Amino acid sequence: MNAYSTTLAQYLEQHATDALASAITTLATASISISHLLDKGALAGIHGEAGNQNVQGEAQKKLDVISNDLLLSALTHNPHCAGVASEELDEISPANNDGTLLVTFDPLDGSSNIDINMTVGTIFSILPYHRQGQKACEDDFLQAGVNQVAAGYFIYGTSTMLALTLGRGVAMFSFDPSSQAYVLINDKVTINHSTQEYAINASNRRYWLPPVQEYIDGLVAGDTGVRGKDFNTRWVAAMIADVHRILIRGGVFMYPYDTKIAGKAGKLRLMYEANPMSFVIEQAGGASTDAVQRIMDITPTHIHQRVPVVLGAKEEVEYIKALHDKAGILANGDKA
Ligand code: F6P
């Protein structure tokens with residue numbers, strides 16, 4: 001017997017509108033199916049490539065496609081959902097014209113981890129829809145992250161969990177396989193302002209801007225350098241897992257602007273990854289920028305737009321911004 005008793009359904013009844021509760025329940029139901037498929041692994045025939053590329057030019061895994069189809073079908077049948085946008089699909093899918101919500105999702109973040117039995121997850125963001133009675137189009141989705149009414153992620157790790165914000169803090173739920181329900185384990189997740197742990201793919205160092213190189217050099221120098229303390233690196237190569245670690249025990253995560261691929265302003269997607277994770281991180285007391293500007297203030301120009309991301313412990317996010325300010329450059333290397 002444990003001390004936890006509030007289910008996701010009870011939490012939503014107390015804290016969310018009927019429309020939001022319904023959309024989040026639909027997402028949670030789909031996540032349980034995805035979690036079961038992941039549990040079966042190779043036995044469910046989900047390992048390996050699907051044989052196509054997604055809109056981002058990445059090889060799709062079989063479970064990317066299955067998860068995408070599951071979420072898309074469930075959400076487009078939800079009466080409150082006016083439209084859906086998936087990281088895996090070129091175009092948005094209009095749903096129910098009378099709905100009041102738009103949902104964007106990354107069906108399986110970190111999917112290259114599936115074949116090696118490591119953590120993956122589903123990230124979602126919910127925006128308001130204002131043109132009831134009319135068919136949703138891409139322009140309706142192009143809202144800054146500050147407009148999000150809810151966001152979160154389902155993480156499929158050693159256990160399946162949900163981190164959720166409705167704009168009043170962050171709640172963490174754990175999936176209970178015996179009752180098949182998400183159960184509240186922490187209704188006030190908070191991130192420390194300072195940290196000694198950072199996450200970045202350091203193999204990209206030669207492509208970074210000078211302020212990011214300077215920052216990481218300072219961390220690597222540890223107590224012999226400007227920071228005067230030692231830091232540890234952690235990199236799961238699935239944003240969902242790196243962000244989850246930060247919510248649980250602190251840290252800073254970066255996928256900064258780099259010059260590796262011409263014309264790409266960083267690797268992560270604003271609407272499917274950066275905005276929902278920024279909402280969660282800010283609501284837990286952390287900060288999230290593109291290195292200089294608050295991510296949730298960026299008005300998207302395209303649903304598949306990419307942005308540099310620096311998020312987590314406030315002190316580190318501010319320190320990185322100060323290095324860019326000192327160098328007089330923006331997050332993409334332009335002069336400030
Ligand atoms: O969405 C892309 C993603 O898988 C993120 O989840 C993760 O943080 C990043 O790519 C890993 O990138 P890299 O391959 O450079 O380690």
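Cβ coordinates come from backbone N, Cα and C, glycine included.
Listed by TrEMBL as binding substrate are D109, G110, S111, S112, N201; the candidate from K229, K264, K267 that the record includes in that site is K267. Among the candidates E49, E87, E138, the residue that TrEMBL names alongside D106, L108 for the Mg(2+) 1 site is E87.
Long-range Cβ proximity for D106 (Mg(2+) 1 binding site), meaning a same-chain Cβ under 8 A and a gap of 6 or more residues, is found for S86, E87, T122, I123, F124, R269, Y272, E273. Secondary structure at E87 (Mg(2+) 1 binding site), taken from DSSP and collapsed to helix, strand or coil, is coil.
In this entry, D109, G110, S111, S112, N201, K267 make up the residues listed for substrate, with the farthest two CA atoms of the set 17 Å from each other. Ligand 1 lies under 6 Å from the Cβ of G110, out of the binding-site residues E87, L108, G110, S111. The Mg(2+) 1 site is set by E87, D106, L108; from the centre of their CB atoms, other residues of the chain with a CB within 8 Å are D64, S67, N68, S86, E88, F105, P107, D109, S111, T122, I123, Y272, E273.
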